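Here the structure comes first, spelled out in structure tokens, and everything after it is commentary.
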Amino acid sequence: MRLEKFRGIIPAFYACYDDQGDISEARTNALCDYLYEKKVNGVYVGGSSGECIYQNLDERKAVLTYVANRLKGKMTLIAHVGAPSTRDSIELAKHAATLGYDALSAIPPIYFKLPDSSVCKYWNEIIDATPLDFIIYNIPQTTGYTLTTSLFEKLLANPKVIGVKNSSMPTMDIERFKRVGGDNVVVFNGPDEQYVAGRMMGADGGIGGTYAAMPELFLQANEFFLQGKFEEAKRIQSHINDIIVALCSQNGSMYAVIKEVLNRRGVNIGSVRGPLEGISNEDMGRIDSIISMIDEATQQFCK
Ligand SMILES: CC(=O)N[C@@H]([C@@H](O)[C@H](O)[C@H](O)CO)[C@@H](O)CC(=O)C(=O)O
């Protein structure tokens, strides 16, 4: 029961900036409202898609506050609090706890390559700082650190550790973490390109950076999976992947492209913060065709 709220489709929340590139409360609210209307199961705030790595502590606290004020009690809220220092991570964790988040999450330490003992200590110090549940964030392709099943097992000794958001590419990692934790943990699929495969390998749901660009498609893929309609789930995944390839094939970063897609849907959340690239004039001309791909797939699969 305690873990039930952590299942399903949980979009990674984007950074919402004004035209000057500052965090915008109004635009954050607009994205909250859009996702609420789409009936997603929750949001993961301040992670990779939230551009956390490019924001200072006050900005990250503000985003956590705005989202909680708008969505608390309406869906599951997970706060990503990973930061370069343990001190800053704890400050963010305590802030999220005062706002009523359902769980915390954090990447491992970045920049210095630290031993497992330091990584374990870092996560445990965040966990000890608040009464909230904790979801480990494993994303080796950006952090350079790979969570092992043995460290996962060790961390699970703390009852506040309820699972892992696994963004590594092998779906076998999902199966291994689920094997270690069983029904007492939630494992989230990270790579959106293999959402259905991740579910097949045991993931309880997903947290993804492209969900908000096409929430209906991911919700439907999840529905097909739950209904045992695996052929349909596979077909919708193929369409999702065509769209992700298009989102990632522009001059601007994937997040900049998604933000322009949302802008054309009436949800203006600004652009991205450098060094991420904004979209080019050339990209601008191709956004409508990406929107058509999303709309056509939605029409085909979501009745
Ligand atoms: C490496 C990376 O950014 N992975 C994304 C994916 O959702 C990714 O955007 C997607 O699979 C497209 O490649 C997520 O796992 C990250 C995420 O959910 C987040 O913290 O924003």
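Placement of Cβ uses the backbone N, Cα and C atoms for every residue, glycine included.
Nobody curates TrEMBL annotations by hand; they come from automatic prediction.
The structure displayed is predicted, hence computed values, not measured ones.
TrEMBL has this to say about the protein:
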- Y137: active site, proton donor/acceptor (ACT_SITE)
- K165: active site, schiff-base intermediate with substrate (ACT_SITE)
- I207: pyruvate binding site (BINDING)
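Sequence features, as recorded in TrEMBL, placed on the structure.
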| residue | record | CB count, 10 Å |
| --- | --- | --- |
| Y137 | active site, proton donor/acceptor | 27 |
| K165 | active site, schiff-base intermediate with substrate | 29 |
| I207 | pyruvate binding site | 30 |
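Screening the recorded positions Y137, K165, I207 for a C-beta under 6 A from any atom of ligand 1 leaves I207. If you measure from the Cα atom of the residue listed as 'pyruvate binding site' to that of K165 (active site, schiff-base intermediate with substrate), you get 7 Å.
Reduced to three states, the DSSP call for the residue listed as 'active site, schiff-base intermediate with substrate' is strand.
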